[in-house]
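Per TrEMBL, these features apply:
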{"type": "COMPBIAS", "residues": "1-10", "note": "compositional bias 'Low complexity'"}
{"type": "DOMAIN", "residues": "86-514", "note": "domain 'Major facilitator superfamily (MFS) profile'"}
{"type": "REGION", "residues": "1-37", "note": "region 'Disordered'"}
{"type": "TRANSMEM", "residues": "84-106", "note": "transmembrane segment"}
{"type": "TRANSMEM", "residues": "126-149", "note": "transmembrane segment"}
{"type": "TRANSMEM", "residues": "156-176", "note": "transmembrane segment"}
{"type": "TRANSMEM", "residues": "182-202", "note": "transmembrane segment"}
{"type": "TRANSMEM", "residues": "214-233", "note": "transmembrane segment"}
{"type": "TRANSMEM", "residues": "239-260", "note": "transmembrane segment"}
{"type": "TRANSMEM", "residues": "323-346", "note": "transmembrane segment"}
{"type": "TRANSMEM", "residues": "361-381", "note": "transmembrane segment"}
{"type": "TRANSMEM", "residues": "388-410", "note": "transmembrane segment"}
{"type": "TRANSMEM", "residues": "422-447", "note": "transmembrane segment"}
{"type": "TRANSMEM", "residues": "459-479", "note": "transmembrane segment"}
{"type": "TRANSMEM", "residues": "491-510", "note": "transmembrane segment"}
């Protein structure tokens, strides 16, 4: 029996009950049973209620339908490969963002230390602002980009960002003074920060729930690959050609991503059903039965329209406040765990350990560790879960930064007593980089695209992105002051203590989102117990 006929039949049975609105009941049951077919526990709840001769259409149920983007059907001829292709194409913007982040490493060596690359001198203080200008640009754009995403769509927003990427790199390549370098890095930060909001949202909306974690991790993976790419070419090319190559990459991304589909969630919200069908079929395959997924997307959009509120009212919902607190907390602990400090002192650690590895090769080695560890994270995130990765990452990083702090503290007391301990900071450094790249690196960005309801996702995700970049700026600019006041060892111990607090935060506040539809995540945040799907018994549902 087809889904449509089953829905109609159920609607007729409900119509026989006194006091039931036939049209509303039939519509709700059709959406509910379609949703139950591919994993919506809220839909199962409605179907169960209909079997008792009623429909559960309370305002509480309608609120729980917010964010109900259930993109899965394990028994519906769904293809996974197109979703991987689209997610990787979107992550091409993250690769371009990674080159932006990694550029400062080879650039500092050539521009500041060797006084080459430009026709004017750049001091250490000026170059620190060149690096920090990017984080300020990223912080400024995150909230405006949330509105642009909903106005022109996820796809066209990312394609539009190619323009500031090209302008920024062109200004940096042909900079005539330090002011142009500041401006170019600020513009590049705008492009990179906007991608950090848009790409995770796009990926979360196109992916089925059983692979959403893996696809969401592509973003951080491609950032680390972009960083490694710049480290590698920077070892053999001067900074001019490094910048030229980095400026070409956004164009390559734009050409590839032009052929990817728009998010079906956005298309349904804009009443473009034909486009949504084409998008779903592109992502799932022509043999995929798109009707259940499209019906639930429409139902969710209908609920959002009926309960439409302004941004501030949506932010004031208890579920949204909880999701925002979790996302902001993860972004905070990602930045204060000490990742910037570890990267900053990596060359010194390798040098003092007498490894024979030069500064450039040390950065390349770190880049390789980041890529490998992030790749492992993409493989296991949907098997182990988000919480396990965050907890393991936090504990290991706290131990590693404590060990590095001990080394530098003892070195400050008496250098002779750490001559035989050169292996300690190197081992701690490797452990820190690997575990950060498996947990606190990718997971906060992944969960940012999972925690929020559809009607507030753009704005709330932008707030989380803004907080991340502002914290990155603060941590980077205050690092030298912390070293002067606390000493290198004390600074690392401060990061260790904050990371321990992060472990407790994850343990007590962060929910597990592995294998759950976005609607089920909303229900869990609201404090509702999940209702297990009914077990078929001889073709009927066991109640």
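Easy rule for this one: first residue shown is 1, then count along the chain.
Heads up, the Cβ atoms here are built off N, Cα and C, so glycines get one too.
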For this session: Report, as numbers and ranges, which residues of the same chain sit near the transmembrane segment (361-381): CB under 8 Å and 6 or more residues beyond its ends.
Result: 102, 105, 213-214, 216-218, 220-221, 224-225, 227-228, 231-232, 235, 343, 346-347, 350-351, 389, 429-430, 433-439, 441-443, 446, 514
Seminar exercise, completed: One stretch in 214-233, 323-346, 388-410, 422-447, 459-479 has more Cβ pairs under 8 Å to the transmembrane segment (182-202) than the rest, namely 459-479
Exercise. Is the transmembrane segment (323-346) close to the transmembrane segment (491-510), in the sense of at least 3 CB pairs under 8 angstroms with a sequence gap of 6 or more?
Worked result: yes
Problem set entry | Distal contacts, the transmembrane segment (84-106) - CB-CB under 8 A, six or more residues away | 127, 130-131, 134, 158, 161, 165, 188-189, 191-192, 195-196, 198-199, 202-203, 206-207, 211, 215-216, 218-231, 234-235, 239, 242-243, 246, 249-250, 252-253, 256-257, 259-261, 282-283, 360, 363, 367
For this session: State the non-local partners of the transmembrane segment (459-479) in its own chain: residues 6+ outside its ends, Cβ under 8 Å from one of its Cβ atoms.
Result: 128, 131-132, 135-136, 138-139, 142-147, 189, 193, 196-197, 200-201, 311, 314-315, 320, 323-324, 327-328, 331-332, 334-336, 340-341, 344, 444, 448-449, 452, 491
Seminar exercise, completed: For the transmembrane segment (156-176), out of 126-149, 214-233, 239-260, 323-346, 388-410, most C-beta pairs under 8 A are with 239-260
Seminar exercise, completed: Of the listed stretches 126-149, 239-260, 323-346, 388-410, the one with the highest count of C-beta pairs below 8 angstroms to the transmembrane segment (214-233) is 239-260
Problem set entry | Top partner of the transmembrane segment (388-410) among 239-260, 323-346, 422-447 - counted as Cβ pairs under 8 Å | 422-447
Seminar exercise, completed: One stretch in 126-149, 239-260, 422-447 has more Cβ pairs under 8 Å to the transmembrane segment (323-346) than the rest, namely 422-447
